[in-house]
Structures are given as C-alpha cells and as structure tokens.
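Under the heading signal peptide, TrEMBL lists 1-25. What TrEMBL lists as transmembrane segment is 233-255, 297-323, 329-348, 369-390, 402-425, 456-480, 486-513, 525-544, 556-584.
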Amino acid sequence: MAGRCFHVAWIFFSLFYLFFLPSHCFYLPGVAPEDFKTPDHIVDSAENLGEVLRGDRIENSPYTVFIMRESRMCNVVCRKVLDKKAAKAFKEKIDDEYRVNMILDNLPLVVPIRRHDVENAVVYQHGFHVGLKGKYAGSKEEKHFINNHLAFTVKFHKDPLAETARIVGFEVKPFSVKHEYEGEWNAKTRLTTCDPHAKRAVTSSESPQEESDIKWASRWDTYLLMADDQIHWFSIVNSLMIVLFLSAMVAMIMLRTLYRDISKYNQLETQEEAQEETGWKLVHGDVFRPPTNFGLFCVYVGTGVQFFGMILVTMIFALLGFLSPSNRGGLMTAMLLLWVFMGLFAGYSSARLYKMFKGANWKSITLKTAITFPATVFAIFFVLNALIWGQKSSGAVPFGTMFALVLLWFGISVPLVFVGSYIGFKKPVKEDPVKTNKIPRQVPDQPWYLHPAFSILIGGILPFGAVFIELFFILTSIWLHQFYYIFGFLFIVFIILVVTCAEITVVLCYFQLCSEDYQWWWRSYLTSGSSALYLFLYAAFYFFTKLEITKLVSGMLYFGYMLIVSYAFFVLTGTIGFYACFWFTRLIYSSVKID
C-alpha cells in the first residue's frame, strides 16, 4: 500500500464559475485547465497555509502507469509482506475506517456509490477505505481485509481543436484480492489472478475507457451535486418563519406600544404627572451609564466586528466563485488572511466604544482587543496539536507553520488593530440622547421571567433554531468527509441569523427597560450570544448520535475544535445583538422630551 494521504477534514468547498468577456474568456488563477500527454516526471506539490492547517499532506504516488487515452490493467505497483506489527496497524486503521485520498489533476479521488432510495442517483465518497471487515460464507469469525487492488477510472474530454485531452473525473473501485503468481517473485512476474494476456481481470468489464461528454468547466458539477436540496429549502422556510414571528413582535412594539408610550410621555405637563411616569422613560438617567467592566466589553465587541467582516467578505467571494474547490485550502487561507486584515475594524470599533464610555487608556484596550480572543484560540489549538503530534499523525501542524501564524498575528494583525484604534479614538464621540445621572438608581426586583439568567438562555434559542438544520450539513461536511458547496443557502441562512439575533435582542431589551432595569449592555450581548451554548450542545448530540469515535484523543480533538467554533459563534452573535440593542435604545430615548 503506497500513496496514502490521510486528511483531517474538508472544511468547506466552493462552486467554480467562468467569467466571460464579449470576445474571449479567462480562468481564475490556479484553476485553468491543463492538457495532458504522457508525463515525463512527477512534481511534488507544495501545500498552502490552509492545506497545512486542515492536515493535508501531499506526497508523490507510485502509480506512474497512467497514460492519457490508454487503458491499462493488472499493473503491479508493489508487493508487501506484512509482519504482525504492520498487520495490527492495518487492523486498527480498518476499525477506525481510515480512508486513502489521492489527487489527479487537482481532482480528488472518489468512490461512486449508487443510492437505492433515489433512482439513478450516485453519491461520491471522498477517498476509499483502507480495508473492510467481513466473514466468509458459513463462518462466524469476523476478519479484516485490505483493499490491495484498485480499479481506477480516469474520465477525460478531448479537445476538438487539438490532440490533447483534459481530465474531468477520477474514480476508483477498491477490491481485496488474494493475488497469486507462478514461480519466484521478481520484477517481471505476472499475476495469475489478474492477467491481461489471459483475458483474466478482477473487474467485471474489460472494455476501454470511452471519452466522457463532461467538459472541463463542468467537471466539478457531479462532485458538488446537491441531492437533498428539499431539506435545505425546508431549513430556509423554517428560519424565515422564525424571522416573521420576531418581525411581527418588533413591529408591534415599534408601531403600537412605543408610539403610544412616546405620545404619552411627551404629553406630560405637570410635575406631578412627571413624577408618576413609569416604564422605560423612568430610567432615562441611567440607561447610558457605562456597564461594569466596560473595557472587556469593548474588547469583545471589537472582536465580534472583526468576525462579522471576515465572514461577510468570505461569503461574498464564495458566491462570486473566487473560492474554487480545486484550490485546496483556499477557503481556510482566505478566512485566515481576512481575519488578520479585519483587525483594522476591530480596533476602530473597540476604541470608539471605549471613548464613549469616557475611557482614557486606549492603548491597553487596543492590546487586549488584539490578543484576548486569538490567544485563547491559539492556546487551545496548541494543546490539540500537541495531542496530534503525540499520536505521530501527519495532520499535526509543523512548528514552522505555527511560527508563521504567530508572525501573521503580531506582525500584521496587532499593528492593524492599533491603527484602527488610533483612528477610532481620535474621532469625536456622538452625544447620548439623554444625560446620565451622577447617582445610579436602584433596580427594582424583577419577575422570574425577566431574571437575567432565564432571559439570556431564552434569547439564544431562536437564533440557534434559525441555523441548526444547516448546521447539520456543515458538521457532516467537516467530520464525515462530504462536499459542502451551497453558499447560496448558507448566505441566506447567515442573513436570517443576523436578523434573528437583532430582533430577539431588541424585544427582550424593550421588556427589560419597561421593567425599569437599565443594565442592558452585557445583557444584550449575552442574549443572542447564548445561542453558542446551544450550538455546543448540538455538537455533543451530533458526536454521540452520528459519529463513531471511540478513541480519547479523537474525541478531545472534536470537542476542542467545536469549543473554538462555539466561542467564535458567541462573539459574532453577541456583537450583532448588542449593536441592534444599542441602535434601539438611542432611537427611543431620542424620541421623547426629557426635562
């Protein structure tokens, strides 16, 4: 067995588009078609940053017998006799369902599997299993079998203007065969179990490979075919129903209740009437009082802005087709670089908010903005990488790459955060619509349904409910090696998530202010941010119901990475909720007369 390359996971995949001009066309960099003749030699491929972080390690394969438009059969690559130690290692790999991954002309090797529930439908398994477990007829003993015979199918499309051809498909059928031969083994020995001269083959067909009618520009279409689009549409409809429900509540508050409240407050004329006022106007002197630990609050808001910008720009590029599936690791690299450059907006946002709170030590807040979240993630990632390194896995990130990440962090991201913070702190702050009293008023006892813990947990349910169906497909693509490239659906779900976080926070913030509780800053952040807790719980449910991970290290890797994802989701959704509530409070308190 050679040419093995075990991958950790495919994170995301993109659909490739061509850009047409009136008279000619061009291809995106790195994904142009390549014409093939008999190759003179094989060149190693260097991994980009995204590939290394995903765990991809590309090595040359000994399968050098591919000649364009020539069928080959029964070619022997190597002969290996396994000792007890090697056999035990293969048994462990078979039990853990390891797969062998190969690439030909940037196309991943797939195993076509026919679906029985849909007529003429085929799904593609990424890579083939190292082996399988089974029983001989009449035997109860389960044995391990190695897939030692591979039947490759290389689909090609001939260029009508030249004698060259382009590869449009790379498939394989793995077999476990006890091959036999006559005499002593040497380089010229022929197999008796697979002999083209004797017309004896392992496969059921000996016909040559015909030209495929699939053109090069469409070769990824079959890989990215979405067979369960009805479920995705159901996800969109489910999310839209949540948005419509929340929108109706927000409309009722804004158009009826708020309008009545503002009219009532503005008609109060006497001092006695003003003293009897109740509701959200009563806390106008405290509603813009800086929250407890406002420095940390500014740090998390700035980090959330950084995340929002990274995700939004990534989605736009993916929708435009700039993140091709043939560009392995391109999505991960793009997200990482965008995160680094979005540090400019993180510093700007945190500094603006910090100055509004009358803060003076902006350099300290800037440094915390640049370090707090990345340091936490880097620490978790370093521990997880050490676990992988201890298992001698090729998926471990080399120390050279770790150093490159630190260099990106401190060499580019941190300076950009300081630049953005400097610009933001120099700009004048918008005045609050109402003045803040010197002495804070006491918050009255709240009913049980407005208790901070209860309202925060309730507030996270709807944002999570808007995305949990699509979350299933994302987790499946990451951990079960399936293609995910439906960024159109994902972008719609992202917009719905933003609207849902904003609306649920505004609704609960209004109820809180009406109950004369003016401590809304952290509450607004945690209300929508608590959806990250449900995301992590769903990840645990997915682990125990969909995955068959039994090893401790593998389980720690799963929960470690999902903890990072949930932490990022908390920062993103929390920031969205805060800004929605911030806009809402400034709007309503600027609409009433305050003496």
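Think of each number as a place in line: the chain as shown, counted from 1.
Any Cβ shown, glycine's included, is placed from N, Cα and C.
The stretch from 297-323, 329-348, 369-390, 456-480 that makes the most Cβ contacts under 8 Å with the transmembrane segment (402-425) is 329-348.
At the 8 Å Cβ threshold, with sequence separation of at least 6, the transmembrane segment (556-584) lacks contact with the transmembrane segment (329-348), having fewer than 3 such pairs. Counting Cβ pairs under 8 Å that are 6 or more residues apart, the transmembrane segment (369-390) and the transmembrane segment (297-323) reach 3 or more and are in contact. Panel annotation: around the transmembrane segment (297-323), residues 12, 14-17, 28, 291, 330-331, 334-335, 338-339, 342-343, 345-351, 353-354, 357, 359, 365, 368-369, 372-373, 417, 487-488, 490-491, 494, 521-522, 525, 568, 571-572, 574-576, 578-579 of the same chain, lying at least six beyond its termini, place a Cβ under 8 Å from a Cβ of the stretch.
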